[in-house]
Ligand code: S3P
């Protein structure tokens, strides 16, 4: 029997002449991970530590004077590699207990060349922020990464660093692996990143921290502002001025000393989004996620879900590391497709795969524009999202700068095998889709989920999800 789907949200059925055959990965797979539909998802989960804040805590702690203590640090592979890199450059990074870390910094201008190449694995944030930091020291370092990271553009970081005085790297294409030779003589610049990217902004600021003069970053659209907030927490002077519309100008005087801090890392809204989405699409959903960072530069997914008809309960529960914390509650909702306002794009840049999942359950079309940055994430996320939905019987189209989804007005067919392409967020999105689709949804790999959310499977299981490994 040949299983096919035709058009938007059609039931799978056997046809003698298929209009479409299901898309499946070409590799020969022995095992896949399958998420089976469940009638109910219910429970309370504490959000894992925020990935962006965890990287920054290790980096800034590693150059501050004194010993910093962090609790709730995310122990995902990406973050651990940043810790290992800081240690290799001269900081002392010690795990005291689960999520509890102690970092003794080198103090001003204390980093030195590592003995071996720094391997950033899958981590765009770790590699790019560290490039900015290392550019301002007299050191030489070889940077390597996995297949996905080695395909991602690094000229967006190297270009402003060269303007500041970084010597050319030997790599003409701006892809890892390459050698970076930093200099203690960087000069401050004024830079308007061509992309809405917190990684570019942060790399320039971290280089600026060791440069002569005041570094200025002009952002047309605000991106996550954890570097600004955390630098202030470590005692640095950072000025942020609002301009026309959403524009921001960030000024950072160079050669500022940092002092060690004690901080609790706030919960990750990007990880929480998977749980909140699971509650929304479940036939009987009631999910409470505790301790989520509430920051306008990260809240786009929750704002959009509410525009689509979700009623999310949010209760203020205090502060952590200069960020507000909230508990967020979600339950089953009849969602309506929307055009995603472009002003929300930067604040939900990591949430488009899971947005696509809730859009598949909504009534009507969801349209994403102005999100061309999705093309250069862990994989081309426009393509990966569209392929994920099509493999599960949902009509979706690529656009140059986004995608459209024709919602099924209820559970989509499911039944597909999703190619995850080294992308943790595609894997988690597909497994959430499977919890409430008509048929199970499988993924070809889950190993990369550990880069950002090592407890994802156990958290989903505690809500009642049925996700297991089985022969392909
Ligand atoms: C991040 C910035 C974003 C985001 C990434 C984390 C950060 O990347 O996608 O997951 O911590 O600065 P871009 O700067 O490429 O948008």
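Cβ coordinates come from backbone N, Cα and C, glycine included.
Checking the candidates 187, 377, 383 against TrEMBL: the one annotated together with 51, 52, 56, 197, 199, 350 at the 3-phosphoshikimate site is 377. A Cβ distance below 6 Å to any atom of ligand 1 is met, among the binding-site residues 52, 199, 381, by 52, 199.
Sorted by the number of other CB atoms within 10 A, the binding-site residues 56, 152 start with 152, the lowest. Distance between Cα atoms for residue 51 (phosphoenolpyruvate binding site) and residue 377 (3-phosphoshikimate binding site): 15 Å, as a whole number. Cα of residue 152 (phosphoenolpyruvate binding site) to Cα of residue 56 (3-phosphoshikimate binding site): a distance of 21 Å. When the binding-site residues 56, 124, 199 are screened for a C-alpha within 10 angstroms of the C-alpha of residue 350 (active site, proton acceptor), no residue qualifies.
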